[in-house]
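Data block below; observations after.
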Amino acid sequence: MSMSLQVSNSSKFQVSEFILMGFPGIHSWQHWLSLPLALLYLSAIGANSLILITICQDSALQQPMYHFLGILSVVDMGLATTIMPKIRAIFWFDAKVISLPECFAQIYAIHCFVGMESGIFLCMAFDRYVAICHPLRYPSIVTNALILKATLFMVFRNGLVVIPVPVLAAQRNYCFRNEIEHCLCSNLGVTRLACDDRRPNSICQLVLAWLGMGSDLSLIILSYTLILRSVLRLNSAEAVSKALSTCTSHLILILFFYTVVVVISVTHLAETKATLIPVLLNVLHNIIPPSLNPMVYALRTKELRAGFQKVFCLSLEKKVRHQRPSS
């Protein structure tokens, strides 16, 4: 086992770095996965950047729903960028070593961005609730000031609440093993290497997950329950279809996001040995939503598709204007 050790003040050995081994069981050919993962990352950055540009340039999209979508795009790009550079370095340059501070910083960033994504989903659910259940009061309730306050609250909430996760992980004694069967530093994957009791870390992560994403999910379910009750009271089938169509994209993304979170959490807390499927699922959960979210909204939102067309037409017009003098 490749290991870099230093003697701590307590006369115990303490590892000074971790080694990210990649996907368990397929180390010899895992570099072939670098291409699809890189394509997913590029599509996530490109698609979310396009959504941001479209929302900024199209006056028809200056609505709260699209403002929240733009914030979600920023969070998605941050989440994907937190893990993909290191994963590509592992696959392309065999740069598997990561220092303890870098590893704990990655743990913090992943938990922070995932928590913010959950929070933005809650804000979008509240937006749809007000739009459908209280349409006449919507302009006075969902204002730019409310969007700013909700966004700042989600940033500070998740930025502060997840601090105990990397702090407790850093308090563990890593005295023997330093090889992580993973492509990224996950909290429970790292603390599994500790020589002392890691139950405080597991309890902390479980409590924070229920307080943060658990409360978000509960409020999202409540919002859509009230939406469904309000929609079913409508007499027109066309009105029901139109109301539900505005929520479909959001529900698809929520279902995927929280289902994978639950599966990953159960897998880790069940103390199962690191295997390919949970590790691959963990990586994909941090890269697929950033690339999936823009596609789902683009395919199912007519206004956003129209905005894309306007942006492309404007860019083509500018290109033609620049080419005319030279010709």
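Any Cβ shown, glycine's included, is placed from N, Cα and C.
Per TrEMBL, the features are as follows:
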- 47-297: domain 'G-protein coupled receptors family 1 profile' (DOMAIN)
- 32-53: transmembrane segment (TRANSMEM)
- 65-84: transmembrane segment (TRANSMEM)
- 104-126: transmembrane segment (TRANSMEM)
- 207-228: transmembrane segment (TRANSMEM)
- 249-270: transmembrane segment (TRANSMEM)
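Contact check: the transmembrane segment (104-126) against the transmembrane segment (249-270) gives at least three Cβ pairs closer than 8 Å, residues 6 or more apart, which meets the contact criterion. Per-residue pLDDT, averaged along the domain 'G-protein coupled receptors family 1 profile' (47-297), amounts to 87 for this model.
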